[in-house]
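**Q** Following this message is one structure expressed as structure tokens.
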Amino acid sequence: MSNRTYADNLFPQQVAEQHEEQMSSGSSPKSNSPSRSISSVEAANSRIHIGWMATTLDVAENLDRHVATFCTRLGEFKYNFVVYPIGGVVRAFWTPNGSAENHPPVIDLPDVQLRNDLWESYVVGKISPWIDCDSSDPAFASLSEEHLLKELSYICYLGLQTMAIELTRISSPRTAAILKKWIWTRNSRFTVWVQLPSAIEKCKDYDAFTIEHVDLWTIWADFRKNCGNFSGVYFQVALTISSELPDELTELKLVDRWKAEPLAAFVIESGLFISGRNGEASIPSAHINLLKHLWTTDALRIVLRATTDTFKYNTSIKSEYSQALRHAVRNVNYRSRPDVGEGSNDSTHYLNVIEYKDVLQAPLQPLSENLDSGVYNTFEQDQIKYDVYGEAVVGALKDLGADGRKTVVIYLLGGGRGPIGTKILKSEREYNNTFRQGQESLKVKLYIVEKNPNAIVTLKYMNVRTWKRRVTIIESDMRSLPGIAKDRGFEQPDIIVSELLGSFGDNELSPECLDGVTGFLKPTTISIPQKYTSYVKPIMSTHIHQTIKAQSIPYLSRAIPSHGRGEPELDEDEMWIQKYPQGHVRNNMDQIYVVYLSKYIPLAETTKPVFTFEHPNFMNSSNERSDSIEFVMDRNADLMGFAGYFDLQLYKTVMLSIEPSTHTPGMVSWFPAVIPLRDQLRVGEGDRISLKIDRKVDNTGVWYEWHVEKKKTNGESVSTPIQNPNGESYYMRM
């Protein structure tokens with residue numbers, strides 16, 4: 001007697017055995033042998049999930065009581081799941097006729113015909129398509145609301161993990177209001193797929209004469225907003241793809257918007273398939289390109305919806321559909337990954353940046369907080385950055401050494417655990433080998449200034465073990481260096497070297513730190529870096545916006561200091577607590593973050609510069625700044641904020657950059673900064689947006705304040721609130 005379950009029947013036994021054999025043997029998937037090709041196909045069968053949507057064409061007698069058999073047959077055709085009407089097909093495909101006696105059939109989809117775990121894993125419950133809560137007929141709208149609630153309740157009863165609801169209108173405020181209340185107030189966490197029509201012209205309320213600036217994306221974005229912008233983990237969108245692709249699914253800048261949305265699935269209509277060379281079902285190239293472009297992860301789902309009854313008399317067509325769909329996308333996600341295997345020198349190999357995708361990180365504040373060994377260790381993995389620093393030091397030594405001098409005094413300001421110190425001493429050797437052969441060597445006299453007492457332990461060890469006691473180590477805040485140097489009789493520097501930059505350039509207070517040593521410098525002292533500039537670019541990312549807004553503070557972390565001006569204090573119970581008078585959500589949204597951006601798109605082709613600082617600052621120029629940066633929007637979108645970058649001129653033409661167009665190849669020391677808005681701002685094609693940003697300074701710290709002004713094409717202006725006033729949420733202490 002067989003011990004196989006329904007789940008096992010989704011794939012033939014031999015496939016599972018082949019997969020187990022491959023996994024146990026540990027064989028490489030790179031072989032091009034026929035057996036490996038078969039294995040890759042079977043791996044795609046389990047890795048890429050293709051579902052079948054039950055339609056009127058599937059209706060058979062007592063189908064609602066034979067769901068297990070229906071699913072098992074689909075499994076034989078390589079379908080991993082089914083999208084099935086939650087009330088059953090009899091109820092789902094009922095046709096209202098306007099009669100008062102005409103009532104929809106009751107929900108009649110018995111739960112005991114499948115194990116609970118199979119309902120959860122293999123069935124997506126679809127809301128009956130006749131339900132229209134936004135109908136112009138008040139009675140039918142009310143009836144629809146009543147039965148939508150019944151079907152939502154039954155989804156919870158069955159314990160389904162996912163449900164689908166198909167929008168048939170451009171505007172569905174009443175449907176959104178019902179869903180909004182349900183998802184926000186019920187303790188039920190199923191995922192909602194909001195299925196869009198294949199084209200805006202398919203909407204019941206479409207009117208070519210009155211509809212302007214509306215497309216499929218705006219239908220989704222408005223519905224998402226009307227549902228309270230619920231978490232994209234549980235509230236997602238499904239695109240319907242038919243034979244005719246609308247312009248917004250062929251024009252790249254419009255297609256890209258879906259990369260910034262919680263895209264869950266593609267509903268593929270069978271009518272788009274064509275006959276291939278051998279007569280098998282094939283997908284047109286335009287549709288393949290669309291799927292590949294949006295296939296950012298194998299967690300996406302594809303659903304086949306039959307629009308013709310071909311599958312009833314062509315028994316192989318179902319398999320051909322699923323095979324063609326898997327073939328279209330099976331290698332996309334793998335090909336897009338960088339090769340970081342054996343022999344690769346890609347920096348991402350050892351930093352594992354993939355783990356940081358879309359993870360929010362607070363910018364470091366090394367001036368007010370001492371870094372730990374693990375942070376230093378992470379920095380030190382990026383050899384490319386240190387190599388470029390070495391190149392800059394060699395360039396400066398070449399210029400200074402041209403007069404034949406024997407000694408150059410270098411101060412490393414902020415030594416950390418010493419990697420730049422090591423690079424400076426190697427640069428001395430490189431300079432002498434290149435430019436002083438047959439002459440007296442140039443000697444670097446190196447001082448390292450570091451305020452972190454813990455890192456001083458490492459620096460002293462390095463001085464004995466690696467640097468042969470050549471370095472003078474000064475344990476001090478660099479801003480105290482002029483006084484210390486005067487007391488101890490230290491020489492003035494010919495070169496100062498520092499690495500004090502954050503993801504937005506000056507946001508780790510490099511200007512304030514370096515200004516503190518200006519009085520100790522010679523008029524000819526070279527600073528490495530000489531100049532740095534921050535840049536911004538508007539971005540769209542529903543995921544990042546929701547992630548920032550949803551942050552919460554665990555009870556045991558409630559006294560951890562905020563990133564703002566406020567400090568922890570004792571409450572009435574003598575317990576330490578960090579208070580947020582501005583509110584937790586506003587506190588979250590009024591900060592700058594560091595993020596390895598993935599689920600986002602830029603809304604401008606190029607960045608624009610913001611703040612520039614040059615060193616040494618002999619003119620004692622103020623470090624306060626104010627700027628207005630304007631961008632013209634080229635599509636309808638939701639602006640969530642700005643990505644921030646910087647570049648720095650280390651010495652003359654030697655540069656480091658994370659600005660996208662000039663990014664230093666292979667360097668991963670800095671991820672982009674994100675400057676969020678409190679709420680996503682809807683922008684239209686042709687709108688002008690201006691980021692107004694100030695860098696403010698007082699006696700104890702530095703902060704940014706920012707807001708956006710939007711000018712629409714009709715001249716109407718909108719301004720967002722000023723964020724982070726007086727540094728209440730994000731304050732960089734000096």
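Placed from the backbone N, Cα and C atoms, the Cβ positions cover glycine too.
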**Q** Of Glu355, Glu450, Glu508, which one shares the S-adenosyl-L-methionine site with Tyr376, Lys385, Tyr386, Asp477, Met478 in Swiss-Prot?
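**A** Record check against Swiss-Prot: S-adenosyl-L-methionine site with Tyr376, Lys385, Tyr386, Asp477, Met478, extra candidate from Glu355, Glu450, Glu508 is Glu450.
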**Q** So Swiss-Prot lists Glu499, Glu508 for protein; which of Phe379, Phe611, Phe613, Phe618 goes with them?
**A** Phe379
**Q** Report, in whole Å, the straight Cα-to-Cα distance of Phe379 (site 'Critical for specifying symmetric addition of methyl groups') from Tyr386 (S-adenosyl-L-methionine binding site).
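**A** The separation of the Cα atoms works out to 10 Å.
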**Q** Can you tell me how the residues of the region 'Dimerization' (541-589) break down into helix, strand and coil by DSSP?
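**A** Residue counts in helix, strand and coil order: 17 helix, 4 strand, 28 coil.
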**Q** How many whole Å apart are the CA atoms of Tyr376 (S-adenosyl-L-methionine binding site) and Glu508 (protein binding site)?
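**A** On Cα coordinates alone, these residues lie 15 Å apart.
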**Q** Using Cβ-Cβ distances, find the residues under 8 Å from Asp477 (S-adenosyl-L-methionine binding site) that belong to the same chain and are at least 6 apart in sequence, listing them in sequence order.
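**A** Listed in sequence order: Lys451, Gly516.
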**Q** Other than its own, how many Cβ atoms are within 10 Å of the Cβ belonging to Glu508 (protein binding site)?
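**A** For Glu508 (protein binding site), the count of other Cβ atoms within 10 Å is 22.
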**Q** Which three-state DSSP class does Glu450 (S-adenosyl-L-methionine binding site) fall into?
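**A** It is in a strand.
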